[in-house]
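Below is one structure; the comments refer to it alone.
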Amino acid sequence: MWWRVLSLLAWFPLQEASLTNHTETITVEEGQTLTLKCVTSLRKNSSLQWLTPSGFTIFLNEYPALKNSKYQLLHHSANQLSITVPNVTLQDEGVYKCLHYSDSVSTKEVKVIVLATPFKPILEASVIRKQNGEEHVVLMCSTMRSKPPPQITWLLGNSMEVSGGTLHEFETDGKKCNTTSTLIIHTYGKNSTVDCIIRHRGLQGRKLVAPFRFEDLVTDEETASDALERNSLSSQDPQQPTSTVSVTEDSSTSEIDKEEKEQTTQDPDLTTEANPQYLGLARKKSGILLLTLVSFLIFILFIIVQLFIMKLRKAHVIWKKENEVSEHTLESYRSRSNNEETSSEEKNGQSSHPMRCMNYITKLYSEAKTKRKENVQHSKLEEKHIQVPESIV
């Protein structure tokens, strides 16, 4: 029993002296300075180390481990290591770790969340007119490059706040997004107003507001109608009046209206309709058209490259055949010339040898004939010489 009590008494101070394993969350806006603090109660024979979310060492005690000057040492002592990261970006998000080395190794994790506040909203209005004479106003409120996605609502006549059809489009990195909210107004009064309100965590309770007054839209429509009427009277050619505020003629039937699914809110001055598919459908069509065009161009380019490669291969085969034929012809010509020279030399050698033999035989025959004549003449002279003395006697 006493042994257990003593063990517990020795264990509690060690736990208080060491760095507790826990996770802390820090939220910071993009462009601000991030401060990371690591504090322990131990003061002797201990070391502190900060690690990036990717696992690289930032500082080991007061010694920097990275050449990146983005991380700066704020304070170092035996029981504290604090660093700063100025001008924070979305790439600095993640879980940073502080390691405390003493008799054992303990870890403190700091989860850093970087917020990107939305830009000032842009509000656009357009009038759509159908063949049956009905018309409605489409309001689009958009903001760009925010993280996380903002919340967009519509304030009708300073009394009622509703939500429209919201579309979020994330950028290629998957972090920031562009948000658009669409609201369709079927009926409105001249003094009616609509405000686009944007809320976001990075705004810290503040709101971004883009107001719209329908009296400006009515004034623009009346001005455009008067100008068109004057032009029609002067040219004696009646025309239908159009609005300069993005007026669109819609030739579709009421079946399209049945396919639209919105939230409907009625007011004494306003009847609203939220269309979450209006902007998405148009962008989807344009995206499909662009993708089809790019695919067709890539296919044409692929065919051209294949034809060029085939032409190069054909030319290479023809050149190779011609080269082989020329080499074969040259070798045959060389072998033929060598054979002719060899045969001519053999013929010359064979014809000269009999001639030499004939000349030698002729020479021997002539010499033998000459000697024979000389012997005959000599024998005749001897016979004459012998016969003369006998006659004298």
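Think of each number as a place in line: the chain as shown, counted from 1.
Heads up, the Cβ atoms here are built off N, Cα and C, so glycines get one too.
Here's what Swiss-Prot has on this protein:
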{"type": "DOMAIN", "residues": "18-114", "note": "domain 'Ig-like V-type'"}
{"type": "DOMAIN", "residues": "118-210", "note": "domain 'Ig-like C2-type'"}
{"type": "CARBOHYD", "residues": "Asn21", "note": "N-linked glycosylation site"}
{"type": "CARBOHYD", "residues": "Asn87", "note": "N-linked glycosylation site"}
{"type": "CARBOHYD", "residues": "Asn178", "note": "N-linked glycosylation site"}
{"type": "REGION", "residues": "225-273", "note": "region 'Disordered'"}
{"type": "REGION", "residues": "328-354", "note": "region 'Disordered'"}
{"type": "REGION", "residues": "374-393", "note": "region 'Disordered'"}
{"type": "TRANSMEM", "residues": "288-308", "note": "transmembrane segment"}
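On the 0 to 100 pLDDT scale, the model's mean across the domain 'Ig-like V-type' (18-114) is 88.
The number of other Cβ atoms within 10 Å of the Cβ belonging to Asn87 (N-linked glycosylation site), over all protein chains shown, comes to 11. Between Asn178 (N-linked glycosylation site) and Asn87 (N-linked glycosylation site), the C-alpha separation comes to 23 Å. For the domain 'Ig-like C2-type' (118-210), the DSSP-based tally of helix, strand and coil residues reads 3 helix, 58 strand, 32 coil. Counting every protein chain shown, the number of other Cβ atoms lying within 10 Å of the Cβ of Asn178 (N-linked glycosylation site) is 17.
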